[in-house]
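According to TrEMBL, the features are:
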TRANSMEM  54-75  transmembrane segment
TRANSMEM  87-106  transmembrane segment
TRANSMEM  168-187  transmembrane segment
TRANSMEM  193-214  transmembrane segment
TRANSMEM  298-320  transmembrane segment
TRANSMEM  340-360  transmembrane segment
TRANSMEM  380-401  transmembrane segment
TRANSMEM  431-450  transmembrane segment
TRANSMEM  462-488  transmembrane segment
TRANSMEM  508-526  transmembrane segment
Amino acid sequence: MAEEGRAQGLSKACVLLIVIAGMERFAFKGVASNLVTYLTDVVKMSNSSAAKTVNSWCGFTSIVPLLVAPLADSFWDRYSTILTSSFLYVLGLGAVASTALLWTYTPPSTTSSSAFLFWSLCLISLGQGAYNPSLQAFGADQLDHDDELPCTSDDKKTSKKKGLFFQWWYFGVCSGSLLGVILMSYIQDTLGWVLGFAIPMFAMVISVVFFTCGNRIYAHKPDRTMYNKHFPNILRAIKMKASRLINGGIALPNDKSNMAELELEERPLCDQKVCSNEVSDLNLESESNTHLIENAKIVLRLLPIWTMLLVFAVIFQQPATFFTKQGMTMKRNIGKNFKIPPATLQSAITLSIILLMPLYDKVFIPITKMVTRNEKGISVMQRMGVGMFLSVIAMIIAAVVETKRLEISRETGVQESETVPLSIFWLLPQYVLLGISDIFTVVGMQEFFYNEVPVRMRTMGFALYTSVFGVGSFLSALMISVIEAFTSSGGRHSWFSDDMREDRLDKLYWLLAIASALSLLFYAICCKCYKCRIELENGNCK
């Protein structure tokens with residue numbers, strides 16, 4: 001594939017895993033990109049209900065890795081986690097396809113049929129929640145060196161290779177997303193939902209076969225027992241602490257030897273084996289508490305940056321929901337007979353990423369090197385900030401275009417089911433700008449969260465990255481509910497009216513633009529105060 005020719009410096013295993021990640025994105029986007037249309041046209045949901053459902057599902061899908069990652073790091077190796085989670089993934093895709101087949105003959109008129117669709121989507125979420133962070137961490141494991149402190153000359157080369165890996169990983173993901181959005185949206189709108197949901201399932205099955213066949217070229221990292229067992233030890237320590245509190249045991253947290261002596265004095269007749277086990281348990285409790293405190297400190301240190309990225313994640317949800325509903329009301333003809341499916345316009349995001357990603361290295365970085373005198377051109381945190389700024393511009397353009405669409409709709413007096421005489425291509429600038437912002441922010445987020453956690457928490461690092469979009473999706477659904485409650489009171493039309501002549505999505509986009517600008521301001525303040533992990537651990541390492 002294209003990734004193999006371009007991703008120079010990466011091993012065959014890395015390239016294969018990038019291709020597999022692209023196939024997974026094809027399967028997921030094949031379902032997710034047009035799901036809002038499926039819910040409104042087939043399941044007969046309202047616009048706001050469909051948007052909230054899609055946002056909540058995307059949020060749950062993105063937040064699951066944060067819950068699964070500690071278990072994956074502690075109990076299973078990444079290879080086994082990928083294989084097991086891919087089974088759930090395929091099962092969920094098959095269940096969604098079966099609902100489309102069932103509803104071809106029996107309309108979805110009962111609560112049980114909608115519940116089956118919901119649980120099918122949850123299966124996809126659970127499978128993807130363990131699959132994606134494990135696959136990306138497994139891909140990063142294929143790099144030649146994996147050290148805590150990249151400060152030597154060889155480590156700096158590895159750091160550059162990691163940046164290259166994350167960049168081409170995102171390129172592969174976007175290539176799969178592009179095919180999923182364009183091809184599957186067209187098939188679903190023209191050939192039906194059964195075939196439109198079955199193809200992603202078979203694509204995922206093929207990707208699992210590819211992954212299994214590549215086992216002989218993978219670099220399997222040896223288990224780090226002291227890292228992999230810390231999570232069960234923490235649970236055991238918590239259990240011991242609870243038991244000691246219930247039984248009235250005495251503990252001096254800052255002195256292990258004194259604590260052991262006091263407990264031995266309470267039971268002087270205990271045999272030597274029991275006493276030594278208790279001392280061992282106390283040592284285990286102390287070690288587990290240390291791990292727990294260290295991990296908590298790492299997550300808390302990242303929390304301000306993580307929080308400032310949430311508005312960007314809310315904006316990230318708009319193309320699959322309200323942008324698509326806008327496109328359904330606009331002029332979509334190319335020639336006399338062909339109509340552009342509205343969801344395919346999402347491909348402009350991924351297409352702009354694929355076309356402009358090579359220019360980032362070839363044009364943007366050399367220019368910024370001359371300006372900043374920095375070896376990398378701009379830092380990872382500056383890269384994320386540039387993307388956040390572009391997302392503000394994208395929402396301003398979206399608000400202006402939506403205002404124009406509403407003006408034309410009222411001037412021409414079109415009816416609810418009629419098309420507004422405004423080309424759908426007026427939506428392209430906002431899609432393209434969001435694509436360019438992704439090149440900066442999303443790739444930067446992957447590298448940032450990967451580098452800012454220690455080796456033992458690498459899967460958790462990717463989970464923190466995906467959880468930004470998970471929480472952002474839930475915030476988007478909550479925002480829709482709150483705005484709808486306020487704007488529909490007193491018999492007024494909601495901002496999300498099913499009649500697209502009466503909605504006020506322009507106000508929503510202005511609100512998001514203002515919120516994004518404020519989050520960018522606070523993000524800049526957080527960056528001024530933030531010290532990266534390498535600077536904290538080794539002051540001369542930049």
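Placed from the backbone N, Cα and C atoms, the Cβ positions cover glycine too.
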Listed stretch, out of 87-106, 168-187, 340-360, 431-450, that has the most CB pairs under 8 angstroms to the transmembrane segment (462-488): 431-450
Paired segments the transmembrane segment (87-106) and the transmembrane segment (193-214) in contact, 3+ CB pairs under 8 A: yes
In contact by Cβ distance (the transmembrane segment (168-187), the transmembrane segment (431-450); 3 or more pairs under 8 Å): yes
Winner by Cβ pairs under 8 Å against the transmembrane segment (380-401), considering only 168-187, 193-214, 298-320, 340-360: 298-320
Leading contact stretch, 168-187, 193-214, 340-360 vs the transmembrane segment (298-320) - CB distance under 8 Å: 340-360
Other parts of the chain folded back onto the transmembrane segment (340-360), taken as Cβ under 8 Å at six or more residues beyond its ends: 6, 33-34, 37, 167, 170-171, 174-175, 177-178, 181-182, 185-186, 188-190, 319-320, 323-328, 332-334, 424, 427-428, 431-432, 434-436, 438-439
